[in-house]
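These come from TrEMBL:
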type	residues	note
TRANSMEM	6-26	transmembrane segment
TRANSMEM	38-65	transmembrane segment
TRANSMEM	71-90	transmembrane segment
TRANSMEM	97-123	transmembrane segment
TRANSMEM	138-156	transmembrane segment
TRANSMEM	168-188	transmembrane segment
TRANSMEM	194-216	transmembrane segment
Amino acid sequence: MNNQYAPLTLLIIAIVNAIIHWNAILNNNKMMVQLSKCPFCLIMGLFLFVSLEEAPIVFILGYIFSFLGDFFLLFEGNIFLVGMLSFGLAHICNAYAFISVSALSFEWIGVFVFILVFIYWTILKKYTILPEYMRKIVYGYLTIISIGFYGSVCLFNNAQWTLSSRLVVLIGYLFFILSDSILGISLWVKTNSFIRFLVMFTYYIAQFLLGLGYVLGLNENQNLIPI
């Protein structure tokens, strides 16, 4: 594949993969759901690899851990915890990747969203049969995501990134928070094909925007479309 066209091609492949997966969920095609769920994050990781002169290893590791999380969550039983651990590690990688390029400062919006997320999950847990140890895992997981979101807010103090790239990352993290909020309902309150669709719809958009925003922020050319 010509390196000039590789980033755009991979983004298109990722979008097609997402559409196939969303359609499979809505049509209750379980085999296609399983086949199409995992490739997305690997494609986005490859997109980062070919888009930047210096491969962002930590962020790519985040996509690899997300892939493993998607894979393990295909199965039932205790392996679900391995999937959550994988996603936790993915969010640690993502948070580190953005905080390392942010100019950290106190940001009210970051604190507000952090508090709002914890209030939501505190209310939600009253409607679940979630074991106490799982609740602690969920709160730890949410803390990591919130730290990453805070890093995305602090990106607005980094003048080297364009406004568009910073907005893309911020919106991506908001979609991640939304996705995990819907996932909590799907796992522990009620679920149906539409709720599962919403989980994966917001999840793929989040993963897509985080990767795209990161590349736009670090790519001096700011151009993924070869002309």
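Heads up, the Cβ atoms here are built off N, Cα and C, so glycines get one too.
Annotations in TrEMBL come from automatic prediction, not curation.
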May I ask you to check whether the transmembrane segment (6-26) and the transmembrane segment (194-216) make contact, with contact taken as at least three Cβ pairs under 8 Å and only pairs 6 or more apart in sequence counted?
-> yes
Among 138-156, 168-188, 194-216, stretch most in contact with the transmembrane segment (38-65) (C-beta, under 8 angstroms) | 194-216
What parts of the chain pack near the transmembrane segment (138-156), using Cβ distances under 8 Å and only residues at least 6 beyond its ends?
-> 84, 87-88, 91-92, 94-95, 98-99, 101-105, 107, 109-111, 113-114, 117-118, 121, 125, 130, 166, 169-170, 172-174, 176-177, 180, 184, 217
